[in-house]
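Trainee: Annotated domain 'ABC transmembrane type-1' per TrEMBL: A:94-386, in sequence order. According to TrEMBL, the transmembrane segment annotation covers A:28-46, A:58-78, A:90-115, A:136-157, A:187-205, A:226-247, A:267-286, A:340-358, A:370-389.
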Amino acid sequence: MAAPASVASGRTERPPSSLLNDPKIRGIIYQVVTALVFIALIYFIWTNTLENLRRANIASGFGFLSGRAGFDLGQSLIAFSSDSTYARALYVGFLNTLLVAFTGIITATILGFIVGIGRLSKNWLIAKLSTVYVEIFRNIPPLLVIFFWYSGVLAVLPGVRESIALPFGSYLNNRGFAFPKPVFAEGFWLVLVALLAAIVLSLVLRRYSLNKRMATGRGVPILWPSVAMIVAFPLIAYFIMGAPLSFDYPVAGTFNLTGGSVVGPEFMSLYLALSFYTASFIAEIVRGGIRAVPRGQSEAAEALGLRSGYTTRFVVVPQAMRIIIPPLTSQYLNLTKNSTLAIAIGYADLVSVGGTILNQSGHPIEIVAIWMVVYLSISLLTSLFMNWFNSRMALVER
Amino acid sequence: MAKKIVTALLGAAVLGMGAQAAQADTLSDVKAKGFVQCGVNSSLAGFAAPDAQGNYAGFDVDYCKAIAAAIFGDATKVKYTPTTAKERFPALQSGEVDVLARNTTWTINRDTALGFNFRPVNYYDGQGFMVRKSLNVKSALELSGAAVCVQTGTTTELNLADYFKANNLQYNPVVFEKIEEVNAAYDAGRCDVYTTDQSGLYAIRLTLAAPDDHMVLPEIISKEPLAPAVRQGDDKWFDIVSWVHYALINAEEFGVTQANVEEMKSSPNPDIKRFLGAEADSTIGADLGLDNNWAVNVIKAVGNYGEVFDRNIGAGSPLKIERGLNALWSKGGIQYAPPIR
């Protein structure tokens, strides 16, 4: 490459000199050397750590994960007792992290879009309220928001003996929100199948309508038939199978409400705090995204006679999404990582459970390694999904 | 929190060689830097808690002071590292602290797999339960279905699970990392029961909004021998920490107190004279790598075991904990020390 380049630039051709003077080869050498130094450093840290652990008489290795946990967990999505293993305890923590991250992301997105669009509203009150919301939650550290909700829940709600009774046999107190737990009898599968069938049929109908609209300019109604199917199919299945569903209602026990399902104040406050906190950032991203669509686009749409709702839905939002999605991904990652603040209020997330195991079993290095690998994996998967979503939402030029 | 651990780990890993050197001879290291770095509880009234001026005081803190007095003849040459239940072990493993005097239970796992040495037991404790009087509970066996507040990473957490399982009782654990958080949650009514070492329950009860509304149940469900811990593999340092405690016990047995220690040097009793390093050609301190009057310095600084106990957690303190098991062996307890000879 060097030779033709020098010809092209009109310089006299030189005999090939030492390989070391070739910038391309020198570049490769530098990179190889850097990589080797890096690997050597990692190796040094790794062996040195193992050696030091051995000399300090500290046991190492991941074998401890199959040992009996010996402690109980307050919140668990799967069966867990003190007889379960450390590995299962970590899994419980992992699921709890996923639960709060997933529900938090959904709520934050919905709330963020509402507030973000609200800030652009022509209604003075809505716009100002949205601004106040954003400025308050964006400027408070997330840990304080969590404490705000936690102490709020604990301080404002009554004790368990003065629970607030809500409709459908639910109760609210400072131990959380207790509601009837559905108990599925045999035959409930048909209801689920019916629901699934209704959803699939609705999608088919939508596709049919879209094709028809493309071909003839007129679709068929889809909203009401879909709603009717999704409601009616499972109901019919439910009665055919003889009502295979009952509820386990919470009732007052000696100390707590017993029976039913309980969402504890730890989850509630963490979920609310993360949602509200992240929503304030998402609102700004949404506002920025919409603002970034040139005014000419909506003017052109208006000139074509589109109503303002259609203009927003089909012209402005699709273009804004391109700008919104990449920073939105960062917010999702932030929310997931901020969920580690759960430790402050005793929600059994991965870090909290891992911390307990770390201390009970005395394997800090292994636990910290697991933490890092898990959070890295969750974040990379989220990024991967959002990148895929982004490429789907990208402008398709025709 | 996590960051602290990672920092400690990285410190241990990258500066491993340095930490190892320090570990090999903690005494020289402590003498070189001029103070003892002591890991204590962040806030447990009676054992280790900062007063209004921010100075740490308490039973465990007196042990730190006693060790400093034995080495330097000056009880102020201590620096305290407040630790949570979770931070305490990495802090000791990594060499961040020289000794951990933090109401820590001596267990086989901690003694072996974690790479520590525990000894001697300076407080024999046991796990208990505290409840609101309004619940009308008289025994721990009536606690089925209760929400129980507990600090994570403690033996308490494990005993709790074992006790409820063994007695076939249901419970809902509410766990926190910091003791202050557990206290606040219990006070706010997040849980019905607070469980930790009984000494701790008495201390915590006093910090609640209305101490008289709460009672400690009679059951003791575990053995909790609390002992200072040091890193394994440094016998010299381990000896010093152990003999400081034995000196406190022996002093109480001999009737040597903070007030009379100077006069006792000229006691006709050869045991006492030897103990206080007042014997001719004494090597009582030199053998430990200390001054011969190290025991005098310890007692001048904090008094004997009985005085330390009374001042911080016993009759002379707001906690008013009975001596019980912690009385001298000659007075119905099990506190016993090998002879200083």
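Glycine residues also receive a Cβ, built from the backbone N, Cα and C atoms like all the rest.
Walk me through the surroundings of each of these features.
Mentor: Residues 20 of the same chain lie 6 or more positions beyond the ends of the transmembrane segment (A:28-46) yet place their CB under 8 Å from a CB of it.
Packing against the transmembrane segment (A:90-115) from elsewhere in the chain are residues 65, 73, 75-78, 80, 130, 133-134, 267, 270-271, 274-283, 285-286, 328, 331-332, 335-336, 339, 342, 347-354, 357, 370, 374, 378: each is 6 or more residues past its ends and has a CB under 8 Å from a CB in it.
Same-chain residues lying 6 or more positions outside the transmembrane segment (A:136-157) and placing a CB less than 8 Å from one of its CB atoms are 164, 172-174, 265-266, 268-270, 272-274, 276-277, 279-281, 284, 338, 341, 344-345.
Within the chain carrying the transmembrane segment (A:187-205), a Cβ under 8 angstroms from the stretch's Cβ atoms is held by residues 220, 222, 225-226, 229-230, 232-234, 236-238, 240-242, 244-245, all 6 or more beyond its ends.
Within its own chain, the transmembrane segment (A:226-247) has Cβ neighbours under 8 Å at 169, 180-188, 190-195, 197-199, 201-202, 205-206, counting only residues six or more beyond its boundaries.
Beyond the transmembrane segment (A:340-358), the same-chain residues lying 6 or more positions past its ends with a Cβ under 8 Å from any Cβ of the stretch are 69, 71, 73-76, 86, 89-90, 92-94, 96-97, 100, 142-143, 146-147, 150, 264, 266-267, 269-270, 364, 367-368, 370-371, 374-375.
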Trainee: Report, as numbers and ranges, every residue of the chain located at least six residues beyond the transmembrane segment (A:370-389) whose Cβ falls under 8 Å of a Cβ in that stretch; write 'none' if there are none.
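Mentor: Sequence-remote neighbours of the transmembrane segment (A:370-389) are 90, 94, 97-98, 101, 325-326, 328-329, 332-333, 336-337, 340, 350-351, 354.
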Trainee: Go through the chain and flag residues at least 6 beyond the ends of the transmembrane segment (A:267-286) whose CB is under 8 A from any CB in it; none is fine as an answer.
Mentor: 75, 96, 99-100, 103-105, 107-109, 111-113, 115-119, 130, 133-134, 136-138, 140, 142, 145-146, 148-150, 152-153, 176-177, 320, 324, 327-328, 331, 334-335, 338-339, 341-342, 345, 347
